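Only one structure is covered here, and it is reproduced in the block below.
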């Protein structure tokens, strides 16, 4: 394989630029040419394809976002869109594609492989909701951004004796809420993987203020459960009388310079994706398990579902067996600040 392309698709994630950089530099070191595709699959169909060299990726490792831009392009799910994209790849002499993104991006990569264009996926999403890898690119940065924000909210919460509901991204997976909540010492964490009793949530708030000597309360809520405003309304209807505020961290979690960890794993996975394409392998997704590079079928990585579930005792059972087990209940209550 002499010429490959790289694209980013779906929601952006800190560390995508580091992955692109690794793809380009590794490919060049292997004597391959690299082309960039702007705006994901939309750019592929439109022919927005151009050569990439070492100069184009210089100083990109520390930048957030993706300099190749990104877009959601549902039309690529249809055969017509796929064939139009493949026509452009052929026109530019491209023999393989590295796709950086989430589950929707992975489905597009699988379609390319089925049409004879080997594609390798790199998990790039802050939600950490791709199976086959312990961590996705951008997750660590998003968690650190969330923790920094929650720490600051705790300052104002304790100054005024308030309850804060902090909404974070996580449509189908509560990983950001879980990890950021634990790291910030949140009093309660509400995730899609666990059903909650609103009356117990209210009771816990009341217990903190009346019996535990606390003058503030922090609840971290994954957006996949419901919006922060809707959750706050349920709290009030269930009898919460605390001075309640809602903060939605929203898209701020996608921005910022990637952490060292995100830069490193993005570099590892980008280089490994090139190695797979050099061997003519497609339909695979690169991942990190136990700090080692692995690959798995790309479609399975996109469709394995939730990465963890919670037992009645509050224990986190990670569906990916290579992830650590954490005691949700113990960390939530005994270590809460």
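Cβ coordinates are placed from backbone N, Cα and C, and glycine is handled just like the others.
Within 10 Å of the Cβ of residue 216 (ADP binding site) there are 22 other Cβ atoms, across all protein chains. Residue 216 (ADP binding site) falls outside any helix or strand according to DSSP and counts as coil. According to Swiss-Prot, the feature ADP binding site maps to 21, 22, 23, 24, 25, 154, 185, 186, 187, 212, 214, 215, 216.
Look at Swiss-Prot and you will find 103 tagged as Mg(2+) binding site, backed by sequence analysis.
Summarising the annotation, Swiss-Prot assigns substrate binding site to 125, 126, 127, 162, 169, 170, 171, 223, 245, 251, 252, 253, 254 and lists sequence analysis as the type of evidence. Around residue 125 (substrate binding site), the same-chain residues at least 6 positions away in sequence with a Cβ under 8 Å from its Cβ are 10, 11, 13, 101, 102, 136, 137, 138, 139.
For 127, the entry in Swiss-Prot reads active site, proton acceptor. Under a cutoff of 8 A between CB atoms, and with a sequence separation of 6+ in the same chain, the neighbours of residue 127 (substrate binding site) are 102, 136, 139, 169, 170, 171, 172, 173, 175, 176. Residue 127 (substrate binding site) falls outside any helix or strand according to DSSP and counts as coil.
When the alpha carbons of residue 25 (ADP binding site) and residue 252 (substrate binding site) are compared, the span between them is 30 angstrom.
The distance from the Cα of residue 216 (ADP binding site) to the Cα of residue 245 (substrate binding site) comes to 11 Å. Around residue 23 (ADP binding site), the C-beta neighbours below 8 angstroms that are at least 6 residues distant in the chain are 4, 6, 34, 98, 270, 271, 273, 274. Cα spacing between residue 21 (ADP binding site) and residue 103 (Mg(2+) binding site): 22 Å, rounded to the nearest whole number.
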